[in-house]
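If you look up TrEMBL, you'll see His195 marked as heme b binding site. The Ca(2+) 2 binding site annotation in TrEMBL covers Thr196, Asp247, Asp255. The disulfide bond feature in TrEMBL is assigned to Cys37-Cys116, Cys70-Cys75, Cys122-Cys322, Cys202-Cys234. If you look up TrEMBL, you'll see Arg64 marked as site 'Transition state stabilizer'.
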Amino acid sequence: MSVRVSLFVLLVPFVLLGVTKICDAGLLSKNFYKKSCSQAENLVRDITWSKAQTDSTLGAKLLRVHYHDCFVKGCDASILLDTVGTNQSEKDARPNLSLLGFEIIDDIKSQIEKVCPGVVSCADILALAARDSVSFPFKKPMWDVLTGRRDGRISLASDANGNLPSPFSDFNTLKQLFARKNLTVNDLVALSGAHTIGVAHCGAFSRRLFNFTGKGDTDPSINATYAESLKKQCPNPANPATTVEMDPQSSLSFDTQYFTTLNQNKGLFQSDAALLTDRVSATIVKQLQVPKDFFSEFGKSMKKMGAMEVLTGNAGEIRKNCRIVN
C-alpha cells in the first residue's frame with residue numbers, strides 16, 4: 001500500500017461560522033438511507049469489494065483515511081476536500097501526505113450520484129467503504145456502521161496538528177488525545193489493532209533503531225532480533241521510499257497477529273510499544289490476542305470513533321463531489 005503511520009469530544013453542539021456542529025452520536029442510525037436511497041449501502045459494498053479484488057491493500061488505505069478524517073474535526077469528510085487557493089486543506093497536512101484511496105471514494109460517489117443525486121454524504125461513503133474494504137476477505141460486515149452524517153465545508157491543514165495520533169507518542173500522550181475525543185484506553189488499544197494491516201515508511205520508526213535517546217542507541221524495549229531485521233530493511237539514513245510491514249508477515253491479514261507480536265516486543269512504532277508501558281493497556285493487549293474479543297472490541301470502538309463530532313440534520317451539506325464544497 002503505503003499505508004503509513006497510525007491511525008488511528010464534547011457531546012454538546014457548538015457554533016462554527018454560523019453552522020451548528022452536532023456531536024450527538026444518537027442522531028446517526030442504521031439504514032439511514034432506507035427510504036431516500038435504498039441501494040446506497042449495497043452499492044458502496046459492491047464497488048468497494050470489486051476494487052478490493054485487485055488491491056489487497058485497500059482495507060489498510062481506506063481505514064487510515066477514515067481514522068484521519070474522524071480525528072480532525074470529526075467524521076465529516078473534510079479529509080477528502082482538495083486545497084483551494086492558498087489555504088491548504090487537511091489532505092496537505094504532513095501526516096496526511098501519504099494517505100491513499102481517494103480515487104476509490106470518488107468512484108463510489110459518482111456512481112451513487114447517478115442513482116441518488118444529492119442524497120448520500122461523502123462522510124457516510126467513507127465510513128462504509130472503510131468497513132467494507134476491511135470486510136472483503138471475510139465476505140461479511142466486520143462491524144456495524146451507523147449512517148446519517150453530513151459533509152463539512154471547512155478543511156484546514158493546521159487543524160491536523162495535535163489531533164492525529166503520532167507514531168512517536170508515549171502512552172500518556174495517546175491516552176490524553178483519545179480522552180479528548182471521548183475515547184477510552186480500551187478504544188485506544190482496540191483501534192491500534194488497525195496496525196495489523198498496512199506498511200510504514202522508515203522515518204516513522206528509524207529513531208527507535210539508531211538514535212533513541214540522542215546517543216546513537218536503540219530503544220531497549222524493542223526485541224533485539226526484530227530491531228536488527230528492521231535496521232537491514234531501513235539502514236541509516238532512511239530511504240524515504242522504503243516501506244516495512246507494520247505487522248511482520250501478516251500485513252495483508254486483518255487478524256490478531258498485531259497483538260501477538262506486540263507482546264513479543266515487536267511493535268513497530270514507539271506508540272505501539274507504549275501500549276505495554278501501562279498496566280491496564282498491557283492487560284487489554286493480551287486479551288485482544290483472542291480473535292473474537294478483538295473483532296468485537298474493534299467493532300465497538302469503530303462505532304464510537306465513527307460518531308465523533310458528526311454533522312447531522314441541517315448542519316453541513318451533501319457534497320456533489322467529495323473533493324469540493326458545493
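Backbone N, Cα and C atoms are what each Cβ position is placed from, and that goes for glycine too.
The disulfide-bonded residues under consideration are Cys70, Cys75, Cys116, Cys122, Cys234. Their Cβ neighbour counts within 10 Å are lowest for Cys116. Comparing Cβ neighbour counts within 10 Å across the disulfide-bonded residues Cys37, Cys322, the minimum falls on Cys37. Considering only the recorded positions Cys37, Arg64, Cys75, Cys116, Cys234, the residue whose Cα is spatially closest to the Cα of Cys122 (disulfide bond) is Cys75. Nearest Cα neighbour of Asp247 (Ca(2+) 2 binding site) among the listed recorded positions (Cys37, Arg64, Cys70, His195): His195. Among the disulfide-bonded residues listed here, namely Cys37, Cys116, Cys202, Cys234, Cys202 has its C-alpha nearest to that of Asp255 (Ca(2+) 2 binding site). Each residue in Gly193, His195, Ile197, Ser250, Ser251, Ser253, Phe254, Thr256, Gln257, Tyr258 lies on the same chain as Thr196, Asp247, Asp255 and has a C-beta within 8 Å of the C-beta centroid of that Ca(2+) 2 site, without being one of the site residues. Listed in sequence order, the residues of the same chain lying 6 or more apart from Cys202 (disulfide bond) and placing their CB within less than 8 Å of its CB are Gln233, Cys234, Ala238, Asn239, Pro240, Thr242, Thr243, Val244. Remark: of the binding-site residues Asp247, Asp255, the most isolated position is Asp255 (fewest other Cβ atoms within 10 Å of its Cβ). A gap of 12 Å separates the Cα atoms of Thr196 (Ca(2+) 2 binding site) and Arg64 (site 'Transition state stabilizer').
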